[in-house]
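Following: one structure in structure tokens, then a few remarks.
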Amino acid sequence: MRVTNILTSQSIKTVPIDFSPCVWVVSCFIRHDSNPKLATYAMSAGAVVNLLADYLFIIKMGMGIEGAAYGTIISQVLMLLTLLSHFMRGKGNLTLSFEGIGISKFRDILAMGVPSFCVEIATAITIILFNYTLLTQFDESYVVAFGLNTNLGVFALFVMVAIGQACQPIMSFNYGAKRQLRIEQTLRLGLKVAIISGSLFLIIIWLFASEIASLYLGDSSQLVPLATTALTYYFFAVPLMGFNIVVANLFQAIALPKRATLLALSRGFIFVIVGMCFLPEYLPINGIWLTTLFSESLAAIMALMMLSNYFRDSRLDRASSYGS
């Protein structure tokens, strides 16, 4: 009976997979179509409805995992319908149309979307590699500490991704309008907000890491100090993380996907692998926790070099246009 319930719930949970990509894609179009408030309302309403549905189906009706699956389905459908109202009311500049779809457009879309894909897939692969390294070279207490690190770190990552995504449509629009000064102003503002936000995260963790770890782990004499160290070292990288993500979004916005992909892969995968291979060997106790700071620091150097080249090229383009 238990196996049947699990299989049933798993089959139900596959249904939202059909809606989730639609929700994320449509929300991106709506943000770019000058209606970010609707995207925010839709996502917020979906989250609230999901929580209420989980309470109703799981706690009140005792449906367990199956109830959670139904709650997810309902929230996803609600979000999608709310987002589609943007097109149904006809208030935006974009309309739903299947005309003119061809291989070349798909190729362009894939090229511009690869950097974002790299950020997501690199995060998943990095978590797997971290867990494997911690289990093979250390012990389970390190895995528990890394689990807390992952939960709080992903929250900080999403904030930085949100800042980058907020800047991207503005930079993209001004790139099409050939307003270089607006692009640079948006970039500076995005970098400023990302670095300040990352610094605030760091200050909070620096001051309250032990208390935060105790909330999750209780009063374990071994785990709390370990998790405190892991959190502190990780969040030193968050301001640099924000810097790197905003720069990657810039290159996506101005149709330079190769640079964006290289930066995303480097900070989220290549430099992480290098750090995991060498840092624990030279710093046996804290080397593994310094991996993220190591990778983000190297990526920031790469991002600065890319930005320097970009600004140099843009100045040359402006000088040539004035000369002509």
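Glycine is no exception: its Cβ is also placed from the backbone N, Cα and C atoms.
Bear in mind that TrEMBL entries carry predicted annotations, made automatically and left uncurated.
Taken straight from TrEMBL:
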type     : residues : note
TRANSMEM : 38-58    : transmembrane segment
TRANSMEM : 70-88    : transmembrane segment
TRANSMEM : 109-132  : transmembrane segment
TRANSMEM : 152-177  : transmembrane segment
TRANSMEM : 189-209  : transmembrane segment
TRANSMEM : 229-250  : transmembrane segment
TRANSMEM : 262-282  : transmembrane segment
TRANSMEM : 288-311  : transmembrane segment
- Do at least three CB pairs under 8 A connect the transmembrane segment (38-58) and the transmembrane segment (288-311), leaving out pairs fewer than 6 apart in sequence? no
- Item | Positions on the same chain near the transmembrane segment (262-282), where near means CB under 8 A and six or more residues out | 115-116, 118-119, 122-123, 125-126, 129-130, 133, 137, 241, 244, 247-248, 251, 288, 290-292, 294-296, 298-299, 302-303, 306
- Item | Residues of the parent chain within Cβ reach of the transmembrane segment (109-132), under 8 Å, 6 or more residues beyond its termini | 143, 146, 150, 154, 157, 161, 245, 248, 251-252, 255, 257, 260-261, 263-265, 268-269, 272-273, 276, 288, 291
- Query: Counting Cβ pairs under 8 Å that are 6 or more apart in sequence, does the total for the transmembrane segment (229-250) and the transmembrane segment (38-58) reach three or more?
  - Reply: no
